[in-house]
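Per TrEMBL, the feature domain 'Isopropylmalate dehydrogenase-like' maps to 4-348. Positions annotated as substrate binding site by TrEMBL: Arg97, Arg107, Arg135, Asp221. Annotated site 'Important for catalysis' per TrEMBL: Tyr142, Lys189, in sequence order. Among the features that TrEMBL reports, Mg(2+) binding site is placed at Asp221, Asp245, Asp249.
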Amino acid sequence: MKFNIALLAGDGIGPEVIDQAVKVSDAVAKKFGHEITWKPALTGAAAIDAVGEPYPDATHDICAASDAVLFGAIGHPRFDNDPSAKVRPEQGLLKMRKKLGLFANVRPTFTFPSLIDKSPLKKERIEGTDLVFLRELTGGIYFGEKGRRDEGETAYDNCVYTRAEVQRLAKKGFELAMTRSKKLCCVDKANVLETSRLWRETVQAMEKDYPEVEVSYEFVDAVAMRLVQWPNSYDVLITENLFGDILTDEASVISGSMGLMPSASMGSDIALFEPIHGSYPQATGLNIANPLATVLSAAMMFETAFNLPEEGAAIRDVVNKSLSEGVVTEDLANGEKAYGTQEVGDWLAANI
Ligand SMILES: NC(=O)c1ccc[n+]([C@@H]2O[C@H](COP(=O)([O-])OP(=O)(O)OC[C@H]3O[C@@H](n4cnc5c(N)ncnc54)[C@H](O)[C@@H]3O)[C@@H](O)[C@H]2O)c1
Ligand SMILES: CC(C)[C@H](C(=O)O)[C@@H](O)C(=O)O
Ligand SMILES: [Mg+2]
């Protein structure tokens with residue numbers, strides 16, 4: 001098969017981890033007889049520097065015309081440390097998600113047998129963890145009206161959800177639960193927030209369409225605790241944009257590193273694949289960032305966007321092999337030999 005893939009490397013460690021995902025994807029394509037044409041495009045601070053905006057129309061056109069998008073990370077300290085900056089890399093990410101209609105962000109959390117002893121959490125707590133967050137990605141407080149009043153002394157960010165937005169995300173959650181262990185947890189703050197009450201009411205009304213799915217409703221603060229206490233009690237979790245952002249960073253601790261966690265952002269037309277981590281500016285250019293979150297995002301791309309499970313499995317197998325053979329970056333080395341970002345990518349590509 002032939003694929004056009006938009007390649008948005010972004011900022012910080014983005015280009016370094018993307019390079020490794022490209023190497024591994026090319027190796028798997030070669031092994032299975034596919035042809036990939038990469039379509040590089042600007043985003044983030046790199047795009048602001050080049051053309052003055054973080055998600056230029058030219059980039060959108062490339063994404064919209066591709067079979068999938070592979071995304072690295074965006075963000076730069078010069079914007080993080082300047083709250084008054086009007087044009088920011090993160091606006092590009094949000095604009096891209098909105099314009100491409102990527103409303104469902106699939107963020108799996110699972111453990112790797114060879115890393116189980118390296119997690120800061122106790123082995124017996126995390127063993128067998130295999131859960132998936134479905135994070136709503138184009139609504140909520142990220143996209144509500146925001147601003148200042150009272151001469152800048154008061155700030156507001158509105159959180160808005162429509163029933164239709166909740167329904168389309170929850171539908172994906174129910175469908176995913178049906179393919180797994182038929183357990184769905186709706187994470188909200190319905191004891192306080194009106195938007196959460198709409199979420200709960202909407203999901204409750206959908207239960208009758210999925211009689212086999214056992215649905216639980218839990219408050220986000222309690223989930224934040226139970227996620228590290230008994231992560232293996234969860235299966236599919238659906239939640240709104242901000243809660244999903246926070247809980248999935250927390251969940252990365254279960255696997256052992258932020259550098260391991262992939263994601264898929266799904267819409268009705270196109271899907272985008274990206275690690276959940278950011279541009280990790282402190283590591284830029286040092287060849288120390290873990291590329292596996294991006295490599296595993298590429299595995300999700302083969303499985304989900306191209307419906308090629310064997311190709312995805314080949315990537316997952318070689319990642320597992322690298323972990324069990326200790327071919328790891330410093331975040332997983334625990335004082336033992338650490339490999340560089342590029343060396344891990346080379347090893348994966350050579351062993352696919
Ligand atoms: N999707 C994205 O592009 C995205 C996501 C999160 C943050 N950001 C942006 O990234 C910048 C930095 O944000 P931050 O420091 O809060 O989050 P971050 O995810 O970049 O880094 C947080 C910590 O996670 C670890 N980490 C992250 N990626 C890693 C990797 N590949 N290998 C090993 N360890 C890794 C490091 O310990 C790092 O200090 C900000 O500008 C932020 O807005 C972008
Ligand atoms: C950079 C930021 C806008 C983004 C988010 O909050 O969605 C990031 O944290 C993520 O998880 O992809
Ligand atoms: Mg985040």
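The backbone N, Cα and C atoms fix where each Cβ goes, glycine too.
Annotations in TrEMBL come from automatic prediction, not curation.
A quick note: this is a predicted structure, and the numbers were derived from the prediction, not measured.
Location within the structure of each feature annotated in TrEMBL.
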residue: Arg97; record: substrate binding site; Cβ neighbours (10 Å): 21
residue: Arg107; record: substrate binding site; Cβ neighbours (10 Å): 23
residue: Arg135; record: substrate binding site; Cβ neighbours (10 Å): 27
residue: Tyr142; record: site 'Important for catalysis'; Cβ neighbours (10 Å): 20
residue: Lys189; record: site 'Important for catalysis'; Cβ neighbours (10 Å): 17
residue: Asp221; record: substrate binding site; Cβ neighbours (10 Å): 13
residue: Asp245; record: Mg(2+) binding site; Cβ neighbours (10 Å): 18
residue: Asp249; record: Mg(2+) binding site; Cβ neighbours (10 Å): 15
Cβ within 8 Å of the mean position of the Cβ atoms of Asp221, Asp245, Asp249: remaining residues of the chain near Mg(2+): Val220, Ala224, Leu242, Phe243, Gly244, Ile246, Leu247, Thr248, Glu250
Cβ under 6 Å from ligand 2: qualifying recorded positions of Arg97, Arg135, Lys189, Asp245, Asp249: Asp245
When distances run from the Cα of Asp249 (Mg(2+) binding site) to each of the recorded positions Arg97, Arg107, Tyr142, Lys189, Asp221, the nearest one: Arg107
Integer Å distance between the CA atoms belonging to Tyr142 (site 'Important for catalysis') and Arg97 (substrate binding site): 11
Tyr142 (site 'Important for catalysis') versus Asp221 (substrate binding site) - Cα distance in angstrom: 19
DSSP state at Asp249 (Mg(2+) binding site), helix/strand/coil: helix
Nearest-integer angstrom distance between the alpha carbons (Cα) of Asp245 (Mg(2+) binding site) and Arg107 (substrate binding site): 10
Cα separation, Arg107 (substrate binding site) to Lys189 (site 'Important for catalysis') (Å, whole number): 20
Among Arg97, Arg135, Asp221, Asp245, the binding-site residues whose C-beta sits under 6 Å from ligand 3: Asp245
Tyr142 (site 'Important for catalysis') and Arg135 (substrate binding site), Cα-Cα, nearest whole angstrom: 13
Segment confidence, the domain 'Isopropylmalate dehydrogenase-like' (4-348), expressed as mean pLDDT: 97
